[in-house]
Amino acid sequence: MLSQIQRFGGAMFTPVLLFPFAGIVVGIAIMLRNPMFVGEALTAPDSLFAQIVHIIEEGGWTVFRNMPLIFAVGLPIGLAKQAQGRACLAVLVSFLTWNYFINAMGMTWGHFFGVDFSAEPTAGSGLTMIAGIKTLDTSIIGAIVISGLVTALHNRYFDKPLPVFLGIFQGSSFVVIVAFLAMIPCAWLTLLGWPKVQLGIESLQAFLRSAGALGVWVYIFLERILIPTGLHHFVYGPFIFGPAVVEGGLQVYWAEHLQAFSQSTEPLKTLFPEGGFALHGNSKVFGSVGIALALYFTAAPENRVKVAGLLIPATLTAMLVGITEPLEFTFLFISPLLFAVHAVLAATMATVMYICGVVGNFGGGLLDQFLPQNWIPMFHHHASMMFIQIGIGLCFTALYFVVFRTLILRLNLKTPGREESEIKLYSKADYQAARGKTTAAAAPETRLGQAAGFLQALGGADNIESINNCATRLRIALVDMAKTQSDDVFKALGAHGVVRRGNGIQVIVGLHVPQVRDQLENLMKDSLSTEHTTMTEAVS
């Protein structure tokens, strides 16, 4: 059950990866429309510069204005066991069908459900527009539920054989037919139950606003501590992209109000108190540096060059784009205690910042959120808040360094560089020498690359049931865990870490994990095709 939840959480990250670039475009465009940055002349409505900026900004809003649709279409990429493209098409058609059913039922029987479909779909009305359809505002929750349901139907019925005379309805068409019938009761139940859910969401929003600093600490702590399980997606998702604290999610709300916030002289915490729930990126920007410095200075002097080669790219990835797993997994499996301390420090840093008036959209890294969506557009009227944030962040960088260094030395933790064999885990040549591999045996891995090495380490194509990925991890369901090789082999091939649970394995690869997954799937297809050809030749 847990592996299925983790798989679902990982699939949610596929559409999430579209937001950083969109956020950068919107943030820069709003900054260029601000007369305090570019002058009154360039921001005049009849200015060619202003018109071009407006056109570009509208393109940047694509992802934000179509979040439910994007989440619905994006999930099957990670959840469908085969023919992911066809699954996405089936989900798209079914999701639109569901919304059309909601619209028709609401317009016809709105009085029965207690929903006024004649109202304009404005904020607070409970209604919204999706692909030109007036429907209930179920945010990304409805999209995720419907997408998951239709993908399950795809996994079950895509291969179902039909009689020859019904062959035209086989495959995706049959999935859409089954889903069409399923969407009728789904729409009915949505109209019946969602208005009550909306009341519950409003109560949750009020509670979280009143929770203040305590709510921020608990939220940030859970978001960090659950990273090894992959369940952290279910913590931040409802806040950043869903309606947990504001309608439409913190990401969209901040982008929509960025212009007004940047031109207001009121404190940002007064304007946007909910912004405390989007401070989890501070541990990525400031905490990562302290962790990396502690790991470097506790390594043996003769190993520090090698350790630096491991830590510098991982730390830059965390700081610039907010992906922390390559760094965190260098010490997570060596000492879970360090990771727990990391979660406590991250939550405490965000809480201290919030108490001192720091709010905003700081969930990512410097390049995607800190600079374009916060510091640059807010500098004119809110520079003091930024200096407070940076000051607190640097203090916590030092605190991270002291705490991690003390724990590593006092507990004699074998972090990278404190034991010779640990460094060799990150060097393929060293590992092969230690294992006594011959050059001939190692050559295929070198030739076929990392994916081929992972395939062998996983026990071959026959030992893999399904492959999925999130931002940095391969998530693989296996036939037999005993056929896999040791974690050392995966690390020698470039993995940052390995998580094993039952017959499921997670290989922490890095930001190039989508390419590795595609290569793995192609290698598996080639392997199965070769086996089929061999069997055919044997029979003939």
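Any Cβ shown, glycine's included, is placed from N, Cα and C.
Quantities reported herein were computed from a predicted structural model and do not represent experimental measurements.
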Swiss-Prot annotation of transmembrane segment - which of the ranges 58-78, 352-372 it falls on: 352-372
Range among 36-56, 225-245 that Swiss-Prot annotates as transmembrane segment: 225-245
Same-chain residues near the transmembrane segment (130-150), Cβ under 8 Å, at least 6 residues beyond its ends: 8, 12, 66-69, 71-73, 75-76, 79, 87, 90-91, 94-96, 98-100, 102-103, 106, 115, 117, 121, 175, 179, 182-183, 186, 190-191, 194-195, 198, 237-238, 241-243, 247-249
Leading stretch by Cβ pairs under 8 Å, where the reference is the transmembrane segment (174-194) and the options are 87-107, 225-245, 352-372: 87-107
Remote residues contacting the transmembrane segment (87-107) - C-beta distance under 8 A, at least 6 residues beyond either end: 68-69, 72-77, 79-80, 113, 115, 117, 130-131, 133-136, 142-143, 146-147, 150-151, 153-154, 158, 172, 175-176, 179-180, 182-184, 186-188, 190-191
Number of other Cβ atoms within 10 Å of the Cβ of CYS470 (active site, phosphocysteine intermediate) across all protein chains: 25
Per-region confidence, the domain 'PTS EIIC type-1' (1-420) (mean pLDDT, whole number): 88
